[in-house]
Amino acid sequence: MILQLLFYSLFTHLAVSQIDVNQALNQNKLNIDTISSSAISDAELEKTFPRTNLSRMRNALKSLRQNWSAKLQAMPARNYQNAGTNQENGATEQQKPLREKPRDRVKMEGDTLHQVNKAAGLNDILYQGDMVLTDDQIATILEARDETTVSTASRARRQAYRDRYYPSTTWGSSVYYYYDRTATPKIVKAFEQAVAFWQNVTCINIMQSSTAINRIRVFKGQGCYSYVGRISGVQDLSLGTGCEEFGTAAHELGHALGFFHTQSRYDRDNYISINYANIDPSYVEQFDKETSNTNFNYGMPYDYGSIMQYGATSASSNDKATMIARDTEYQDTMGSDFVGFYDISMMNEHYKCKELCPAASSAQCKNGGFPSPRNCAICICPSGYGGILCDQRPPGCGDSVTATTTWQTLTNTIGDGLPTLRDNHTMCNYWVKAPDNQAVEIRISGLTTVTIDGCIFGGVEIKTHKDQKLTGYRYCSSADQNTVHRSTGSLVPIILFNRYASTKAVLEYRAVTPSVDVSATYTTFAPIVNSCQDLHPNCDFYKFFGMCRSKKIRSNCKFTCHDCNNNNASPFGSNFFNNNYNSFNNWYTNKNKNYYPYSNSNNNKPWMWFF
């Protein structure tokens, strides 16, 4: 029965992944009337969203979708696989084809916020997938789309929400929240982690109070959503089933503190292109963007690794990319569950925290860090940097190595190898240093982990940009093998991270002469696997249950399934060292039922856990 369920999941997924992208949109024509309304009754919705005029919200979203439908119908049919489309003029834009990377599925309720909310049936009342709006926000964000009808001063300004009432729409120095009786221990744990994070890196005090006039009610609703900014009185923040994780909680709390989505920035077309053929019509408004008059980003660049950036396949009708990074090496970085350094910096600007640390008497931070508003003598550092002044490698797992002109190898495997989600990532920080006036070249020789938007379950981050405040390139697919990056400086931080099964990376590095063009240079090659390697993190699991008879599994688990045609075998990617199946069997006997990879004990449906 176990094998039947797993093979059913595997081949169903493979079949769905081959849907024709042009057929999905019927040559760009969206029928707005076919969009289903919420699966929840209006009476229940009115209780769930007491601060929102549901009829007005639905009409505003429908109007926005109709506007988008008109735009799309005006565009000629085209092949969207290897090209993006400019939102403003509909012109085809040739881009480097994306490497094929079939996505894994880990959680039955959905691995991403969009998947969870789609299953909850909230598509017709949430803006951009997870935001609840007040009447005033509906008016300024959705209804006032015409520049000639509403003055710039009266309109919403975002990524950080700044309307005509700013800064009174922020929380000031104190934010209050309380837990509804529906909040489970998992919700409390995830939200407390998000509270601790945002509080530690800003001047905002986030405290529990069930009596404060303005407060957030944290509860278990259907899906994940929040209001944007402080709306006065009690406002809801839902962390339903599938949302009880740090990344989602930090994202929703980011909304409550005043953040909108990164992909709605007015300048987003310079950084991502939209693949309209793959968009689920119910979520077409998710890709709405602002103008330069309505968008306020505090002068900060677009960060693909922002906690407020949706994943590349978000709102997809066919599991294919709806957003394509113009720097395609950033494709898997989008959808992160880490809070980006620019998120932290922008939140500090939005709440005027940086004004608390006078430049003359505060820490002189290195590598783009800034003084902590909690203690101006120490710095808040970009990822990959630590120490009081951001001039040291973060403590713990990792190492500092010196690059020479000869290729050297860095190899590590982190994670326990078991298909259970952990609350926190295991992290290893490496510094690769070249001699002064030389650059570092990094090549991914091997990578085994779970492949998913944002690499939220594990992967490797490589920081070669001149601006070290930006999130680095993140990878979590064996298809990324033989990717090469050349740094703009003599130091490259590398971060290996994991919180599900295991992640193994084999990286090669050497010192080279800097390129003439020092702006984010890199070279990529098609993946070539010459040695006998496992290309999936769960090969031992498949062998344990006799699944090596499958040609598909043998091709991805050559070492474990003994399907090698040469003697250059290496146990790349093995999760259970020394083939210790007795330990794996002990885990199987005492498994965590919350993340049972074989079948769901409640409805006997298979976990979608495959290549």
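From the backbone N, Cα and C atoms, a Cβ is placed for every residue, glycine too.
Note that the structure is predicted; figures quoted are calculated from it, not measured.
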(request) Quickly, which of ASN53, ASN568 does Swiss-Prot have down as N-linked glycosylation site? Just give the residue. (result) ASN53
(request) Name the cysteine that pairs with CYS455 in a disulphide bond per Swiss-Prot, restricting the answer to CYS428, CYS476. (result) CYS476
(request) Could you pull the disulfide partner of CYS390 out of CYS379, CYS397, going by Swiss-Prot? (result) CYS379
(message) For CYS203, what is the disulfide-bonded cysteine listed in Swiss-Prot, choosing from CYS224, CYS243, CYS353?
(response) CYS353
(request) Name the cysteine that pairs with CYS376 in a disulphide bond per Swiss-Prot, restricting the answer to CYS357, CYS365, CYS381. (result) CYS357
(message) Would you identify which of the disulfide-bonded residues CYS224, CYS353 has the most other C-beta atoms lying within 10 angstroms of its C-beta?
(response) CYS224
(request) Reduce the DSSP letter at CYS376 (disulfide bond) to three states and note it down. (result) strand
(message) An 8 Å radius from the center of the HIS251, HIS255, HIS261 Cβ atoms defines the neighbourhood of the Zn(2+) site; name the other residues of that chain inside it, in order.
(response) ASP130, MET131, SER226, GLU252, GLY254, PHE259, PHE260, ILE307, MET308
(message) When you rank GLU252, HIS261, CYS357, ASN424 by Cα distance to CYS557 (disulfide bond), which of the recorded positions ends up on top as the closest?
(response) ASN424
(request) Work through the disulfide-bonded residues one by one (CYS376, CYS557) and point out the residue whose CB has the fewest other CB atoms within 10 angstroms. (result) CYS376
(request) Provide the three-state DSSP residue tally for the domain 'EGF-like' (340-396): helix first, then strand, then coil. (result) 17 helix, 11 strand, 29 coil
(request) Give the number of CB atoms, excluding that of ASN200 (N-linked glycosylation site) itself, located within 10 Å of its CB. (result) 13
